[in-house]
Amino acid sequence: MLLDFDRLGWWRWALGGFTAAVAAFLLLPIVFIAALSFGSSQWLIFPPPSWTTRWYSELFADQRWLDAALNSLKIGLVVTVLSVVIGLAASFALVRGRFRGRETLKALFLTPMILPVVVLAVALYAFFLRLGINGTMTGFVIAHLLVALPFSILALTTALEGFDKSIEDAAILCGASPFEAKMRVTLPGISAGLFSAAIFSFLTSWDEVVLAIFMASPTLQTLPVRIWSTLRQDLTPVVASVSTLLVLVTIVLMLLVALIRKGLSKP
Amino acid sequence: MSSLTESRSVTGRQGGRRMPRLFGEVGPALPAFLLIVFFFVAPVVALLLRSVLEPVPGLQNYETLLGSATYIGVFANTFIVSTVVTAAALAIGFPVAWALVVMPMTWSRIVFAILILSMWTNLLARTYAWMVLLQRTGLINKMLMAVGLTDEPLTLVNNLTGVTIGMTYIMLPFVILPLYGVISNIDKAVLRAAALCGANRWQALTRVLLPLAAPGMAAGGLMVFVMSLGYFVTPALLGGTSNMMLAELIAQLVQSLTDWGLGSAAAFVLLLSTLVLYGLMLKFFGTSRLGGQ
């Protein structure tokens with residue numbers, strides 16, 4: 001009764017209306033920011049008196065924003081490659097291995113995802129100060145890799161569990177070396193998982209704020225750090241234009257994930 | 001090494017030397033293992049040690065933390081905000097998860113897309129939006145005044161109200177997605193049976209659907225509560241300086257005051273609360289719900 005849409009009676013309108021309101025609530029800030037970024041008001045009056053692209057020009061004219069974006073991109077790409085490679089190797093061990101403590105090992109690998117990131121940030125900050133790599137590219141990559149790796153391992157263990165190992169064995173029986181079989185049979189077979197792992201690793205690194213605030217130095221900042229320090233001073237509309245561009249990046253990457261899952265899940 | 005392992009698994013022969021086989025199977029996990037041990041476990045343990053070693057060995061950092069009204073206030077803020085956010089997220093999330101199960105596919109797809117988009121949109125972008133929406137001259141105050149709910153603008157930001165609104169917004173998908181999984185696994189026949197036995201809709205909801213969804217509510221609620229306890233960005237931007245939350249306190253003690261002993265002790269309190277709550281979650285709901293994205 002309550003789980004049959006046709007038999008809900010007027011409750012269905014109440015439930016539907018409520019859900020629509022919540023969906024609007026979830027969408028509101030995202031749409032609002034996009035509208036705001038084209039508004040002419042310096043003080044973020046809404047609805048704005050007129051429309052402008054001034055904040056975008058200011059954004060692109062400011063070398064500091066461009067540098068920050070470039071740093072984020074560089075760190076994100078390095079983290080993505082490392083996260084997928086290390087995650088893939090670990091996932092093979094976690095899925096194919098028959099050793100004691102496998103579950104514990106997987107839990108250990110996923111812990112950085114569930115622990116409060118501020119604890120990890122403070123701990124790494126202290127550690128990196130000792131090692132002298134605070135505020136360097138290496139520091140950023142290690143810190144971001146720690147939180148990206150769990151996403152990669154989750155995506156890749158799921159993909160490997162769903163892959164029939166006998167296909168790989170068949171390739172070996174037909175004369176392929178085990179390495180060749182993995183490269184030419186197994187990896188193409190789990191390519192959807194590899195793409196998800198890569199995209200989620202990239203997004204995790206690209207959006208990371210808390211770790212980045214602690215890793216950053218005056219000379220090396222990522223985009224979120226730059227937004228953070230700007231927001232601590234004032235609510236300039238330039239942040240609205242950066243945010244809108246960030247939302248666009250997210251939408252493109254999410255569409256990519258959806259398309260890849262759709263396209264590659266078909267045999 | 002790996003060729004040995006592979007050829008054996010193909011031909012199905014068993015036995016042989018144990019160590020090489022074990023290395024072939026565990027070996028690939030080594031880089032990830034070293035990374036986690038060296039850059040995660042070791043730094044966290046080192047940090048915890050500082051809480052009892054600095055400035056002098058002993059438990060005085062914990063005494064300071066638990067003995068001062070300021071710090072107790074921070075713990076109280078954290079606890080209250082996390083509780084309200086969890087309750088609000090569950091109250092709003094349950095009807096939505098339920099609707100997602102019964103709705104026609106086209107509609108539920110759209111809601112899912114919005115959920116995923118909101119979840120993966122940059123945290124700072126979302127928080128910035130709320131900073132602007134909630135300010136005195138912001139859209140929310142204008143709307144409240146237009147419908148006559150208030151005569152003058154309310155202070156919705158730089159206080160715990162702002163933090164609660166912003167965090168509820170952020171946590172909603174984390175309640176809705178797992179709850180959707182739980183409700184969609186409930187057998188429709190059970191609710192039809194309730195109707196056949198004469199239950200009206202309200203009775204079916206309170207005596208059948210809600211109890212059946214309760215484990216999911218508890219698991220999702222606990223997860224949101226734990227995440228809220230350690231949240232840093234949103235409280236720091238939407239909250240005021242006078243009512244801090246725990247994560248901000250840790251950051252401030254370490255970064256601005258460089259009081260590593262006290263900061264580490266506060267971090268340990270947060271870590272311990274998180275681990276205890278996750279432990280409870282594992283005990284009651286098994287491993288399957290953990291780490292579900």
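Just so it is clear, glycine is given a Cβ too, placed from its N, Cα and C backbone atoms.
Residues annotated as domain 'ABC transmembrane type-1' in TrEMBL: A:69-257.
With a threshold of 8 Å between CB atoms, the same-chain residues lying at least 6 positions outside the transmembrane segment (A:12-38) that come near it are 5, 44, 46-48, 51-53, 55-56, 237, 240-241, 243-244, 247. What TrEMBL records for A:12-38 (among others) is transmembrane segment.
Annotation source TrEMBL lists transmembrane segment at A:75-95 (among others). For the transmembrane segment (A:75-95), same-chain residues at least 6 beyond its ends with a Cβ under 8 Å from one of its own Cβ atoms are 102, 105-106, 109, 137, 140-141, 144-145, 148-149, 151-153, 155-157, 159-161, 194, 197-198, 201-202, 204-206, 222.
Among the features that TrEMBL reports, transmembrane segment is placed at A:107-128 (among others).
TrEMBL lists A:140-160 (among others) with the feature transmembrane segment.
Under the heading transmembrane segment, TrEMBL lists A:192-215 (among others). Distant neighbours of the transmembrane segment (A:192-215): 72-73, 75-77, 79-80, 83-84, 87-88, 117-118, 120-122, 124-125, 128, 134-135, 139-140, 143-149, 151-152, 155-156, 158-160, 222-225, 228, 246, 249-250, 253, 256-257, 260-261, 264-265; these residues of the same chain sit at least 6 beyond its ends, with a Cβ under 8 Å from one of its Cβ atoms.
Annotation comment: TrEMBL describes A:235-260 (among others) as transmembrane segment.
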